[in-house]
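Participant: My questions all concern the structure below.
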Amino acid sequence: MVGMLFVWQTFLFVWACAAAVEVGEKPRPVIDIVRDVDNLGSIWQFKGTNTLIRHQGREILVRHGGDQWSTVKKFDQGVNTVEVDPYYPERRAFAWLENNELYKTDDCGKTWARVMHVEAEPGENLQRYSVYSNPDNYKYLMVTSHFERKDSSPVLAESYEKQWVSQDGGKTIAPLGHPDPGVYRLCHFLRQARNHDVAKDSTILCIEHDAQKHTAVLYRTDDFGKSKQALDSFDDEIVSSVGLLGKYILVTTTEDAYNKHAVQHVWVSRDGDKFQKIIFPTHIRDNFFRAVTTSTGNQIIFSIPAGKHSHSRKNALYANYISDSSGIQFHAVADSLDERYKELGPVMALDANGTLSMVARKSSTEDQVTLLSYDYGYSWQPMHLAEGEDHKALGCSKGGKECELPVQLSQLVSSSGLVGHGESATSGILMGIVLKKRGSRGPRKHKYLSVISRDYGLTWSVAFEYPVLSFAGNYGNILLACPYNPGDDGDPEEEIYYSLDQGHTWEEHHIEGKYEFVRVHSAISDGSSTAFSFLAVGDDQNTIVVDCIFTDIHNGKECTDGDMEEYKLRNGNCLNGARYTINKRKSEAACLLKNDPSVINPLVKPCDCTNADYECSLGFLGLPDKGCTADLGMLRSAGACKDNPRELMPMHKIKGNECTKDLNIEPVKVDCSAVQNRPDIEVTAHVFKTQFETYQYFNSAEDDSLMVLTKDKRALISHDSGKTFKMLDTLGSGAELITFNRYFGDLAYIFASDDVLYITDDRGYHFYAVDLPEVRHLFLPLAFHAKDNQTFIYFGGKDCEKLGPKCHSTAYITTDGGRNFREMLTGAVSCEFVGSIYSHPANKDMIMCEIENKKERRNILLRSTDEFRTSDKVFDSIIGFHTTGDFTAIAVSEGRQQVSSYLTIDGVHFNESRFPPDFVAPEKQQSYSVLSAHEGAIFLHMSKSLVKHKEYGTLVKSDSNGIDFVVLKDGVNSNAEGLVDFETPEGLDGVILINVVENLDQVQKGKAKAKHLKTAISFNDGVDWKYLSPPGKDSSGKKYPCHGKNRAKCSLNLHGYTERKDLRDTYSSGSAIGYMLGVGNVGEHLLPYEQCSTFLTTDGGVTWTEVKSTPHQWEFGDRGSIIVLVPDGVKTNSITYSVDAGRSWQDFKFADEEVIIDDIITVPYDTSMRFLLISKEHLRGKSKTYAISFAHIFKRQCEFHPGGGRHNGDFEYTSIKHPDYKCLFGKEVEFLKRIKYDCFIGNASYTKDYRTSRICPCTRQDFECDYNYIRTSDGTCKLPSGVKPEAPSAVCERNRDLVEYFQPTGYRKIPLSKCEGGLKLQRTDSPHPCPGKEKEFYEKYPSSTNASSVVFWWLLLTMVLLVPLWVIYDRGIRRNGGFSRFGEIRLDDDDLIEENGLDRAINKVVKVGAYGVAGLFGFLLLLKSKAGARIRRFRESVSSRRGPSYSSLISDQFLDDANDLLVGHDNDANNLNAFLDEDGQHFDVDDEIEGADQASYHDDVDLGRTSE
């Protein structure tokens, strides 16, 4: 008995000691540090086993549990990668060798078999490779290799992929066909998830991109490439990409193959056969969007980065959209949010039966919060701090639910599976990082804290006082963390923390030496792993690998029922139609869960169905609990409006919902008649409770963004041409003004009433706020730098507490985008960064500013090159200055009410504009307008009358230096604001339209009640003018009462620039070459606007047609392939449009209710197929908008082949030329024009693809009158009577760069003209050196002799000639009677004095001279007689014509070189009308005298001729 007791005592002691040892020892993982990391691979774990695998060098290593690593395979080549098959992680892995051989194992690494060897062809590099298995068939494998060509080719693609497939698990493998050269192909098994709806597990989907043709083909094969089946859904679509997302196949198509920023459309399919386009509330552009699915796999979540390069921004904002359970109909997450939340991050699916997370910010200046949704995004709530946690450490005023947290879920967490996607699960354990709020307690050493949640993110506790990277294993029962910075925990060495009790306590393992972790790898990616591999880099750049292996932790004990506890999701409330209970391991349990996710699968108890379990059906909008309303447009797009009327179910149960006892849903009748047969035009209407004040598109091709300022001081932004709008949060302050940067199309500035400036550099997607200087806002325009978007000048009022004499403007400059301002210049009211604008500035940093001098009541112009730290005065008294093109024009005050014009092209040299003698200026020039500048010429309108409703002026044009002006036309219409009826159609060089005052004489004398206006057009930059040619019939086919042959009495007249409601509206479009629209009438002069019709030209103004009998507003779309008209000033509910260049027109009803459309707008370049109608209800103070899209009205995109022949796909080369001559400005230019009307153009750069078919010889049409010369009735240029020509060398004084000058001819070449050869009216052939430039002149003309040499040789020649001449005179003329007998000498006279042989020789010379002189005079008399006879005969030949005759010289009689006539003694142009061109052909200048009396006798009336 005593022995037995001793035995028991001994046993109990040993057991107690063992227990004490077991309790005292904490379980620790195996942590190995590998310092020889050359070609050391990451750890992988075979699922459901404790077997680990990796590679090093040429070996593959395996480890079982706590055993050591052992070699299972050694190759002749080094191993590049080893990866476990994600679909069959229990047994299969693949290994790639350095020689591109592929091996596989099917038994957890015990044995290995060769699959294939990938070889690159000559001239190719193998970049990467991958192997894919099929989740539903173990034997199916696909190997993909990515190649790049060493030498790029214009025909072959730079990179491409090849695919091989195996049907027997890799025993044999064959290529999946080969794409054509130049084609890039991507292929996937369509089965990407088990239980997929794809009919066959062998189905492969491929997309082939042809980069040269900008096309892609999508097809499927069910027999491994033996046959291909094209997808019919995309026959007329431009496919851009294909992707697989859970149960869905996603295909994106683009509206424009030539525009990388074009609108994208997404199509979804579950079976790879039937695809349906998603219904999306806005536009998707680019391909930078995130797509995830919810836990059921039915809902798709799109998170689209907002704005330019947002996908790479650190704190990018996102627009989030969630689909219904069909994956087709999307709604914006923002629609389900509290209005407090303005800015959103991407949505993440937390895989907890519908749990989603999203970061939000209440405003751009407030702290972020993270929101949770448990119902697929229909409602959201913030994350908050757990009870009992120190809220003050986070900056919260209260704890618990009052402390909302901005939790950024750890990147390691989301990528590893702590939260994860697919099969990943962690029993509700999440880790993240929190940014401390403003005013948090304690040291600010660390701005971030690491937090942990154990209830799927509802409540959070602090885990670390600094940010850590975190990782999870065994479904959250193993947690690892390492500090972002090794020294954050007070220890400079790196360490790894791990927790085995779900983050309640942490153990630390030090890593000797100073290392920083750069990569962490989990052996299994679904959250079940028990092995991890850390890569760390030391200070000396040496690397180590730290393996943390938990496979034998807790002695390998697996959890039993006693180690588990129940957790009810959402506190036991219904979620997705059921109540979910999850088995979680107790945090203190010393065990690991089985390596099987089924151990944590929830228990599901269905709930009775409610509205929350239903969603609106396809084509219905709203929420089930508030009612689902039919949207006819969406129903039509979804194909649900084929029959009429029809009954449809407004809502249905969410797919995958677990609820029972379905609701009784009554069908609704839908009348589809309104949309069944209408064209495929989309309309989106909005009603605003305020009126639009200003609106403008951003000048960018990346999207259709615009901003609106409303009357109640709100700023609205739309990125889809008005389809959706959002409001900018100005924190309660009103938006006072919106300004756009004229040089950078993505930038805009919003002035708020609290002196805050909101700036966007990405078209309104993001804004940042800056404080303006503490001065009064004067609403003066910002001045922008043309090259630096961060530099601009703001003008504020100092001493302006009260508006009085002390109040003055001050300029403040910023060079960092407004974040800091520096006071630059007091008194400045206007500045320009001229150094950034000029082509050749004297200093690129030059700024010019206008300074207001209140005391002397004048303004001063200053300039500076150091931001006005120093400056110098340019002019003492100016009216203003303006930079256009490459010129700055300054209006200088010259005494009381007198203005002069000065121009500069470099900011240093200023030249006064010189006007010709025929320019009759008013006694005091009070104003002028700078109209245009191009190709080195500037147009001015010099005002001659500022009398109200009687304003007009003279149109003048400068030479290439902007100095010497010539008159183009007098009596050009203007208004009191300085606007002028002057327009140059975009894209048409030299074409100008103006309105002239027909009754100018009566207006000048004060006898006219109103101005009578006529529209004139010039095709050669203002040299010649014609009245517009009227159409023969009106829009109803009736002839006009007047005939266009007499254009003085019958021409087309258009309302011009002075009457525009919006000055941005123009006749033309820069993208629709040759197209113009205008409102006017056919008759003697212009009628009032309401009595006019709408006219169209497609040939640059040569011919016109009436398209509507009433005034309409218009816009061009898609480079002119769409023309949209809307009635102006009357109620309407329809638009009229044409898609065939105006040949036919269709009406489209955009609304049921009639409204007055105030404006129709589109993007600045008229390249979009979307338009916005704006209506203002002035009495009710509302605005309505109608976003109209023609994006789907065409069947296809036009084919365009750059560099093709005359017929280029759907385009044809056509020329826009002078109506009377083939050449325009010395060349024949042909543009590509669409000739097939069933396609749209898009962003194909065909407008740039023009060609010059011929350079023409110079003709009279390529010249205009030079300075001081005037145009006469016969078209020649002459000096006015009494005007002396300036010295020819004066041109050298005006242009100091000139080396030579020529004798003036009265003509100068039009700067736009590119002609070569032919006439040279602008100069003689003999240049002369400019004073002081003789050296440069003779270097330029080496054949010329220098001045001293010329003098010497002339003196020598003179001496040689004078001696014999004196002898001849003395002995042959003087003593024979002198010159008095010269005309009497008879050739047979014998009374000449001859004393010797010398006398006889001299007399013979005298006789020969007499013959020569007599012959010369006789020839001249004969020539004069014959020329006079020819002129008389020419006048007789034209006398039968009606009207005055021409005065013309027939040049081929006596001109060997036409230029010889240009050097006349009277310095005029010698009455020239015709000269020889290169081909020796004659041409007539069709110049006719202006005026009603003369014009009544002519078919064509040329304007601009003034009879002498």
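All residue numbers here begin at 1 and follow the chain in the order shown.
Note: Cβ is positioned from N, Cα and C throughout, glycine not excepted.
The feature signal peptide is assigned by Swiss-Prot to 1-20. Residues or ranges marked as topological domain 'Lumenal' in Swiss-Prot (evidence: sequence analysis): 21-1348, 1426-1508. The repeat 'BNR 1' annotation in Swiss-Prot covers 164-172. Annotation comment: Swiss-Prot describes Asn353, Asn789, Asn911, Asn1243, Asn1346 as N-linked glycosylation site. Residues annotated as repeat 'BNR 3' in Swiss-Prot: 452-461. Per Swiss-Prot, repeat 'BNR 4' is recorded for 497-507. If you look up Swiss-Prot, you'll see 717-726 marked as repeat 'BNR 5'. Under the heading transmembrane segment, Swiss-Prot lists 1349-1369, 1405-1425. Summarising the annotation, Swiss-Prot assigns topological domain 'Cytoplasmic' to 1370-1404.
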Participant: Under a three-state reduction of DSSP output, how is Asn911 (N-linked glycosylation site) classified: helix, strand, or coil?
Facilitator: strand
Participant: For Asn789 (N-linked glycosylation site), just count the other CB atoms lying within 10 A of its CB, please.
Facilitator: 15
Participant: Report the DSSP secondary-structure composition of the repeat 'BNR 5' (717-726) as helix, strand and coil residue counts.
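Facilitator: Result for the repeat 'BNR 5' (717-726), in helix, strand, coil order: 0 helix, 4 strand, 6 coil.
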Participant: Tell me the Cβ neighbour count for Asn911 (N-linked glycosylation site), meaning other Cβ atoms within 10 Å of its Cβ, over all protein chains shown.
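Facilitator: If we count other Cβ atoms within 10 Å of Asn911 (N-linked glycosylation site), we arrive at 18.
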Participant: Check each residue in the chain of Asn1243 (N-linked glycosylation site) that is at least six apart in sequence and keep those whose C-beta is under 8 Å from its C-beta; list them in sequence order.
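Facilitator: In sequence order, the residues whose Cβ lies under 8 Å from that of Asn1243 (N-linked glycosylation site) (at least 6 apart) are Asp256, Tyr258, Asn259, Ala262, Ala701, Thr1167.
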Participant: In the repeat 'BNR 4' (497-507), how many residues does DSSP call helix, how many strand, and how many coil?
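Facilitator: Counts, helix then strand then coil: 0 helix, 4 strand, 7 coil.
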Participant: Could you state the CA-to-CA distance between Asn789 (N-linked glycosylation site) and Asn911 (N-linked glycosylation site) to the nearest Å?
Facilitator: 31
Participant: For a three-state summary based on DSSP, what are the helix, strand and coil counts in the repeat 'BNR 3' (452-461)?
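Facilitator: The composition, in the requested order, is 0 helix, 5 strand, 5 coil.
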Participant: For the repeat 'BNR 1' (164-172), what does DSSP give as the number of helix, strand and coil residues?
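Facilitator: The repeat 'BNR 1' (164-172) comes out at 0 helix, 3 strand, 6 coil.
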Participant: Express the predicted model's confidence over the topological domain 'Lumenal' (1426-1508) as a mean pLDDT, rounded to an integer.
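Facilitator: Reported value for the topological domain 'Lumenal' (1426-1508) is a mean pLDDT of 32.
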